[in-house]
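Worksheet for the structure shown next.
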Amino acid sequence: MEATKQVVNFGPGPAKLPHSVLLEIQKQLLDYRGLGISVLEMSHRSSDFAKIIGNTENLVRELLAVPNNYKVIFVQGGGSGQFSAVPLNLIGLKAGRSADYVVTGAWSAKAAEEAKKFGTVNIVHPKLGSYTKIPDPSTWNLNPDASYVYFCANETVHGVEFDFVPDVKGAVLVCDMSSNFLSRPVDVSKFGVIFAGAQKNVGSAGVTVVIVRDDLLGFSLRECPSVLDYKVQAGNNSLYNTPPCFSIYVMGMVLEWIKNNGGAAAMEKLSSIKSQMIYEIIDNSQGFYVCPVERQNRSRMNIPFRIGNAKGDEALEKRFLDKAVELNMISLKGHRSVGGIRASLYNAVTTEDVEKLAAFMKNFLEMHQL
């Protein structure tokens with residue numbers, strides 16, 4: 001039976017899944033394609049699951065035009081697991097065991113902190129007072145002896161997004177794309193490693209996709225756990241340990257949906273339309289809504305803002321959130337570390353969903369503006 005309550009989910013991840021995908025999952029849940037069992041109980045060694053994981057990998061390759069000299073693996077541990085896996089696999093590429101990190105928000109800061117356990121970390125720019133911009137790349141102090149350069153393409157907490165691929169002078173470039181993966185086309189050949197948790201743009205929680213260039217396999221530190229070792233996972237076709245089968249299946253279905261809806265280029269177009277709708281209201285509100293991020297670095301995925309003034313009027317913000325829930329719009333509360341409001345507009349969030357939020361924001365503004 002279809003759920004009767006229609007809620008718009010602006011959650012930062014886990015996030016909204018396409019309705020058609022949810023219905024298909026529901027339909028196949030008890031009996032997957034006439035096999036008489038659910039994917040939830042299917043052996044990861046079966047030929048049926050081999051087709052599922054093969055299909056998911058092929059769709060990643062097709063949608064991002066992944067070159068043949070890259071492996072695509074599906075692992076557990078989330079983005080946070082990759083904060084350890086990246087240095088464990090790559091920091092030993094050069095004798096000095098050092099890495100360059102660009103820190104533009106909470107997630108790249110966590111990644112840099114984790115990497116310090118395994119080698120020397122160089123933050124390539126002076127520490128930012130607040131996470132509201134991307135430091136000018138011409139000022140970055142890259143270490144030519146670094147094993148890799150790391151950045152986070154989109155910071156979900158602070159709403160800061162790279163709209164360019166940094167030029168790192170031929171160094172191995174590593175990117176956390178968890179929150180804007182497949183929201184736009186990407187030239188994979190510019191990267192050594194790309195990783196992304198599925199639970200924002202491409203599926204449900206539990207699986208992380210890692211795209212790694214072949215020549216970077218086999219350099220893991222001696223102390224690298226086998227489950228985090230890219231060479232081990234790639235050599236076992238992501239079946240070294242029991243993978244998150246159901247999450248891989250859901251991801252495959254979401255990728256199919258993205259493909260059927262025009263691919264990464266169409267997602268990019270939609271993301272610009274959706275985010276623009278909200279930023280316009282913020283910018284035309286005469287300071288009632290305030291987004292702290294510098295315009296050129298604003299995220300299409302996560303829009304953080306305060307209400308009333310730059311520091312936020314907590315009573316107004318509470319009223320905004322309560323009223324939104326009454327109107328069946330959920331998960332608009334900002335991250336606990338920054339407060340305020342945050343609207344996450346991932347691939348499955350429709351323009352109609354965003355129009356509903358935009359209309360509410362206009363209405364709320366009119367009711368409370370002096």
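Glycine is treated like the rest: Cβ placed from N, Cα and C.
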N6-acetyllysine according to Swiss-Prot, picked from LYS117, LYS127, LYS311: LYS127
Record-annotated pyridoxal 5'-phosphate site (Swiss-Prot): member among GLY79, GLY81, GLY129 besides TRP107, THR156, ASP176, GLN199, ASN241, THR242: GLY79
Further binder of O-phospho-L-serine named by Swiss-Prot next to HIS44, ARG45, HIS335, ARG336, taken from the candidates ARG33, ARG342: ARG342
Chain-internal residues, separated by at least six, CB under 8 A from THR156 (pyridoxal 5'-phosphate binding site): PRO12, GLY13, GLY105, TRP107, SER178, SER179, LYS200, MET301, ASN302, HIS335, SER344
Among the O-phospho-L-serine-binding set HIS44, ARG45, HIS335, ARG336, ARG342, as the record gives it, the longest Cα-Cα distance in Å: 41
Max CA-CA distance, Å, over listed pyridoxal 5'-phosphate-binding residues GLY79, TRP107, THR156, ASP176, GLN199, ASN241, THR242: 30
Neighbour count (Cβ, 10 Å) for ARG45 (O-phospho-L-serine binding site): 9
Three-state secondary structure, which DSSP defines for GLY79 (pyridoxal 5'-phosphate binding site): helix
Largest tally of Cβ atoms lying within 10 Å of a Cβ, found at which of the recorded positions HIS44, LYS200, LYS269, LYS318, ARG336: LYS200
